[in-house]
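These notes concern the structure reproduced below.
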Amino acid sequence: MEIVILAVVIALVAVGLISGLVVSSRKKKQLPPSAPSSTPTLTPPAEPHVGEEAETPRDEARRTIEEVGLPGAGTPVEETPVVIEPEIPELEVPEPTAGRLVRLRARLARSQNSLGKGLLTLLSRDNLDEDTWEEIEDTLLTADVGVAPTQELVERLRERVRVLGTRTPDELRTLLREELVTLLGPDFDRTVKTEGGEATPGVVMVVGVNGTGKTTTTGKLARVLVADGRSVVLGAADTFRAAAADQLQTWGERVGARTVRGPEGGDPASIAFDAVKEGIAEGADVVLIDTAGRLHTKTGLMDELGKVKRVVEKHGPLDEILLVLDATTGQNGLVQARVFAEVVDITGIVLTKLDGTAKGGIVIAVQRELGVPVKLIGLGEGPDDLAPFEPGAFVDALIGD
Ligand code: GDP
């Protein structure tokens, strides 16, 4: 008899376990499908509420045992329900963009003393003889201003100093400021275009040799745009450098920008295409595409970037192609600029690492070289150390105002 009761109890427990599994698997199917790994969702998982937990096989089994009244089962221990808080990434609020260059001017002033202050000291000499003018020229060349712009500047300064006759330090500073600002092309339109089409987001492609700060700049630019109230999708099309996609995704997550990525070594063009598609689907304002810049051969680079551009343009025209150059690489940076300009139509330059070089004159040289304005400058490794380039504020940082 006892054996029969035991067999019934075991059978009931087994039935309970099976039905519990069915319940739980049915509930799982009702969950919304999780986002594909290539497009991590920012939506937190639905919060479990007290009293609404799914029944577990264990609950079912326990009830069955209680109903049967198995001796020794007793009253079930009261379990306090555990509410698991979903992990909501805390979004950062980037610094406002306006006035960043002024805020970061100390970084420039520190590294550019030899240019601005050096020029002022030389110009203040009582006797502006040939040797002094040569020294002025050398100072400009050392700061990577470039030969032609240096000669222009020295000629104009000589002429104006001659006309001026007596020179007070204030007059000299004003003079030098005006001439440097003129050389920087104050009339260039330096806005980063992100308007896009009627139903398409603005699309910005970021190109440059690896190591120049391309991915960092893409991340910082996302913050600039978010600070200006725009929504951003990032395209991790630098599939060559292993960590680039992770790096970009981290930048994006900090400000709530979704990153579209593919497998390592995958096709950059298809990722770029998908990123814009995602941008359109979620109604984003801007899509930023980070690309790989391997200068192995010009043809290779041309093939790769050309393809990314063509494929992206199936969605609509690109708004900007920004070339990232490392200011510390001097003349080498100019060579890179030339190669990239032959491969794609650069619409703006981002000069990075200006905080770590006294060669700020590269701003002038590279604009001359490409006929394209420097739109943004990198002044440090911090997340908001990217500033819109303003010639007046830049020169003031060089020579003090
Ligand atoms: P990528 O290979 O071109 O994508 O280069 P990364 O974005 O990985 O940057 C290379 C290094 O340059 C990183 O250590 C960055 O933190 C650093 N970097 C980027 N921009 C700046 C800048 O404006 N100033 C300084 N000091 N470092 C920078």
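Yeah, the Cβs are placed from backbone N, Cα and C, and that goes for glycine too.
Record features, source TrEMBL:
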type: BINDING; residues: 208-215, 290-294, 352-355; note: GTP binding site
type: COMPBIAS; residues: 49-60; note: compositional bias 'Basic and acidic residues'
type: DOMAIN; residues: 373-386; note: domain 'SRP54-type proteins GTP-binding'
type: REGION; residues: 28-60; note: region 'Disordered'
Mean of the pLDDT scores, which run from 0 to 100, over the domain 'SRP54-type proteins GTP-binding' (373-386): 96
Sequence-remote partners of the domain 'SRP54-type proteins GTP-binding' (373-386) [C-beta within less than 8 Å, at least six residues beyond its ends]: 92, 94-95, 100-101, 104, 107-108, 185, 188-192, 213, 216-217, 219-221, 223-224, 227, 251, 254, 322, 348-355, 363, 366-367, 394
Cβ neighbour count within 10 Å of GLY208 (GTP binding site): 28
Summary of DSSP states over the domain 'SRP54-type proteins GTP-binding' (373-386), given as helix, strand and coil counts: 0 helix, 6 strand, 8 coil
Cβ under 6 Å from ligand 1: qualifying binding-site residues of GLY211, LYS214, THR291, ARG294: GLY211, LYS214
Packing count at GLY211 (GTP binding site) (other Cβ atoms within 10 Å of its Cβ): 12
Assigned conformation of LYS214 (GTP binding site) - DSSP reduced to three states: helix
For ARG294 (GTP binding site), nearby residues of its own chain (Cβ under 8 Å, 6 or more apart in sequence): ASN210, PHE240, GLY300, LEU301, GLU304
Distant-in-sequence Cβ neighbours of THR291 (GTP binding site), under 8 Å, six or more positions away: MET205, VAL206, VAL207, LYS214, ALA237, ASP238, PRO268, ALA272, GLU304, LEU305, VAL308
Cβ neighbour count within 10 Å of LEU354 (GTP binding site): 29
Where GLY208 (GTP binding site) falls in three-state DSSP terms: coil
Helix, strand or coil at THR291 (GTP binding site) [DSSP, three-state]: strand
